[in-house]
Amino acid sequence: MSSIYLGVNIDHVATLRNARGTKYPDPVHAAEVAERAGADGITIHLREDRRHITDRDVRILRETLQTRMNLEMAVTDEMIEIALKTQPEYVCLVPEKREELTTEGGLDVAGHLDKIKAATEKLTAAGIKVSLFIDADREQIDAAKACGAPFIELHTGHYADAATEADQLDELKKIAAGASYAADLGITVNAGHGLTYHNVAPIAALPEIYELNIGHAIIGRAVFDGLHKAVADMKAIMVAARQ
């Protein structure tokens with residue numbers, strides 16, 4: 001079986017810091033701990049309203065990360081310019097609404113093909129690997145291919161939020177089919193959103209999945225067990241699922 005990689009999203013360390021307007025806990029420190037615990041990359045979402053990760057965080061993390069930065073961002077001129085200046089290894093283009101608590105669904109690539117293709121081409125020309133955060137839908141996967149994106153990240157939120165085991169199994173089948181279809185097109189497949197210690201194994205077991213991006217569950221577990229153990233435990237579950 002191929003390896004599977006873990007990108008640790010540290011947004012909610014910044015959420016905790018910003019709740020009191022303090023300098024702690026510092027997501028830069030969190031990234032260091034996560035890397036030592038086995039994270040293969042660090043994911044951060046610089047939102048337009050800067051509700052958690054800030055420009056300062058992006059700048060310092062770019063200088064200090066020992067693994068790779070995956071910068072999640074909306075498809076706006078401001079964010080594209082920040083990415084071009086920062087030069088992260090990866091950019092994941094995501095939909096964004098100011099009123100949402102977290103990203104609610106996949107990017108409608110098919111409905112905004114020209115705009116997303118232009119952004120993808122601009123970032124790619126700068127040497128940045130582009131991923132598109134989409135639902136496991138053939139139309140969206142085809143559109144991602146048409147944009148020239150080498151990566152997609154399949155939205156696992158519907159799987160994670162399924163009300164029954166039967167519904168969850170249906171969502172897993174959709175993700176598995178989408179991952180297989182994308183891989184056949186030559187696209188590298190990541191996945192994430194809503195994954196926890198209890199539901200991650202079936203997703204991690206899918207052979208086409210290259211990397212999982214997980215944040216909220218890890219930071220939540222870290223409150224009780226410490227961040228190092230929380231990251232290491234998640235990585236262990238993922239690796240075991242691939243055996």
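Even glycines carry a Cβ here, placed using N, Cα and C.
From a predicted model like this one, the values you see are computed outputs, not experimental measurements.
As given in Swiss-Prot:
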{"type": "ACT_SITE", "residues": "H45", "note": "active site, proton acceptor"}
{"type": "ACT_SITE", "residues": "E72", "note": "active site, proton acceptor"}
{"type": "ACT_SITE", "residues": "H193", "note": "active site, proton donor"}
{"type": "BINDING", "residues": "N9, R20, G194, G215, H216", "note": "3-amino-2-oxopropyl phosphate binding site"}
{"type": "BINDING", "residues": "D11, H12, R47, H52, T102", "note": "1-deoxy-D-xylulose 5-phosphate binding site"}
{"type": "SITE", "residues": "E153", "note": "site 'Transition state stabilizer'"}
The rounded CA-CA distance in Å from G194 (3-amino-2-oxopropyl phosphate binding site) to H52 (1-deoxy-D-xylulose 5-phosphate binding site) is 18
What does DSSP assign E72 (active site, proton acceptor), in three states?
strand
A 10 Å Cα radius around E72 (active site, proton acceptor) captures, of the recorded positions H45, R47, E153, H193, H216, exactly H45, R47
Pick from H52, H193, H216: which of these recorded positions has the biggest number of other Cβ atoms within 10 Å of its Cβ?
H193
Spatial separation of E153 (site 'Transition state stabilizer') from R47 (1-deoxy-D-xylulose 5-phosphate binding site) - C-alpha basis, Å
18
DSSP secondary structure for H45 (active site, proton acceptor), reduced to helix/strand/coil, please.
strand
With every protein chain in view, how many other Cβ atoms are within 10 Å of the Cβ of E153 (site 'Transition state stabilizer')?
30
Measuring Cα to Cα, how many Å separate H216 (3-amino-2-oxopropyl phosphate binding site) from H45 (active site, proton acceptor)?
13
What residues, ordered by sequence, lie under 8 A Cβ-to-Cβ from D11 (1-deoxy-D-xylulose 5-phosphate binding site) and sit at least six positions away in the same chain?
P27, T43, I44, H45, H52, I53, G215
Going by C-alpha distance, which of the recorded positions H12, E153, H193 is nearest to R20 (3-amino-2-oxopropyl phosphate binding site)?
H12
Greatest CA-CA distance (Å) over the residues N9, R20, G194, G215, H216 that the record ties to 3-amino-2-oxopropyl phosphate?
25
